[in-house]
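> Starting off with a structure, shown below.
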Amino acid sequence: MLKVGILAIQGGIEEHEAHLRQLGVDTVQIKKPGQLANCHGIILPGGESTAIGKTLLETSIAQEIIEKSKVGMPIWGTCAGMILLAKEIENQTENYLKLLDITVHRNGYGRQIDSFKTEAIIPAISKEPIPLVFIRAPYVTRVGSDVKVLLQLDGKIVAVQQNNILGTSFHPELTDDLRFHEYFLKMVRKFALEKE
Ligand code: GLN
């Protein structure tokens, strides 16, 4: 059975878990080094990137994620999770895993639209619009040549993919829609098959 780890330091862990379970996948909350060993993918949830990042770098889970990414394991960061993956963070000096060749702007959306809901068509995922929830979200201000832009909203890049690594400014786990999780699971399934 496919098994997906969810980094469980802080943030929207259970919501991702519920979506994955609805899609028939086994999940494991990653709290300690070693737990990623038999996973086929990992999700870095939203939350507070400074808090999650600090704890993450204090453990060897960070190194384990970096090693898994090198062998092609799919990794998806939502919101704070995307900040943890970014190579550069525009408005702060420290950065974390540096696995995704993008620059992000933390809390990029101004105060009056700190949090908002909208919908958009993401061609890689579906021809029908997908509901999008943004909560004090970052957006992407630079993408490397290897990075595919999956969605741009009002001129701002909010979903990207670099090979096995996905980043979204928004939170599909906070909607009833499962299509973004299905897209990630397609990557996970492919990786699991190649590994066998
Ligand atoms: N603003 C948060 C941060 O910078 C991210 C918010 C979220 O994950 N919903 O860490």
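A Cβ is built for glycine as well, from the same backbone N, Cα and C atoms used for every other residue.
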> TrEMBL has Gly47, Glu48, Ser49, Ile135, Arg136 down as binding L-glutamine; which of Arg21, Arg106, Arg142 does it also list for that site?
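TrEMBL lists Gly47, Glu48, Ser49, Ile135, Arg136 binding L-glutamine, and from Arg21, Arg106, Arg142 it also lists Arg106.
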> What are the non-local neighbours of Glu48 (L-glutamine binding site), defined as same-chain residues 6+ apart in sequence with CB under 8 A from its CB?
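Counting only residues 6 or more apart in sequence, the Cβ neighbours of Glu48 (L-glutamine binding site) under 8 Å are Gln10, Gly11, Ala80.
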> Could you measure the widest C-alpha to C-alpha distance across Gly47, Glu48, Ser49, Arg106, Ile135, Arg136, the residues recorded as binding L-glutamine, and give it to a whole number of angstrom?
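Between the most distant Cα atoms of the L-glutamine site, 13 Å.
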> Using the CB centroid of Gly47, Glu48, Ser49, Arg106, Ile135, Arg136 as the L-glutamine site centre, which other residues of the same chain sit with their CB within 8 A?
Gly11, Gly46, Cys79, Ala80, Ile83, Asn107, Ala137, Pro138
> On a C-alpha basis, identify the one among Cys79, His171, Glu173 that is nearest to Arg106 (L-glutamine binding site); the candidates are the active-site residues.
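For Arg106 (L-glutamine binding site), the spatially nearest of the active-site residues is Cys79.
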